[in-house]
């Protein structure tokens, strides 16, 4: 019998399958460790233009170390497939436990709800939202502790990230604002799903469950449900505050953590200390396989990518076509750029030196540089992507984007970073003149 291998992993039986992906049991041949390997069709991601979103979320999830979240170890790729290596959880789905045994006791339901909120809150703090929380995505380890699966992978097609797929798939756990086909806040929508899950754990059945979709949607939209009489008053009160159809007034996770019913027997999870994680495998997996082959052939360096007129229009701050499709308030804050007349290798090496002097690690590949490290408060990961483009024979443009971390911290980084690159950043003559006049005035004062 021929044993199939992917990298150092020996593949076994299929343990899960969806429309666009399958999950196989696999074993690390170097350590003997069992893992779950999610196999995704590369062309599906490219066709649906989801590369950047999935790359970002997988990058962040590789950095996540939380006892209540299934760990993502690494990402491998072939020409046609992307292989996501995940922690293998042996205890099965929480959903199966409910089907087998019926509703849980109040204390057991509360324990799982504690772990659910801890895991969800931690991932939200990293900027990743699940968007498809349900008991089937909650696994149990060998000790019976809850592990949230597919966090950060919800952007993959089979996970139902689109409103259409979610609506047609498992709408029973979905927030009213998601079903309304309007924009929604991922964190607030996840909280609603947590409330439905808590109800199911304690009741053994769904709060919203109708045979026809119009009636189901109507009940979800109005939050028409009732709690069984055996629910404790504290549990009823909390569930009612979570299943608030108005996302603006719905309880937040911070408020859930202060709730009297929630606090009973609550022991915060012990977080795993930050450790440096290399993201090269993630970026390589999502690169164009043709580019990878080209690079491996040892072909001579042809310099930075040259932008054409249309590329420049799209990247221009004065006419950013991307804003037509993304009207988020932070869309312009996360992306910045500058012009330089220096040679590309000088620009790249200068940026590397400055980044390292600011205490960050750098990774360079094909005129792209990733800068990463801890945030200013040392509690989360911070990462920036820089790419050098050729605009004209002696003009380069450096595009800088926030990859992980909040907008305010990114803007502080950008300001400090550019102030240290004065010798390579080109400024228009009138801007240079204004700077000299301003400095002269300040000296006279």
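Glycine is no exception: its Cβ is also placed from the backbone N, Cα and C atoms.
As recorded in Swiss-Prot:
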BINDING   15, 16, 17, 18, 19, 20, 21, 22, 23, 38  ATP binding site
DOMAIN    9-262  domain 'Protein kinase'
MOD_RES   154  phosphoserine
MOD_RES   166  phosphothreonine
REGION    150-177  region 'Activation loop'
REGION    333-362  region 'PPI'
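Under the three-state DSSP scheme, residue 15 (ATP binding site) falls in the strand class. Of all the binding-site residues listed here (15, 21, 23), the one with the fewest other CB atoms within 10 A of its own CB is 15. Taking Cβ-Cβ distances under 8 Å and a sequence gap of 6 or more within the same chain, the neighbours of residue 17 (ATP binding site) are 23. DSSP classifies residue 23 (ATP binding site) as strand under the three-state reduction.
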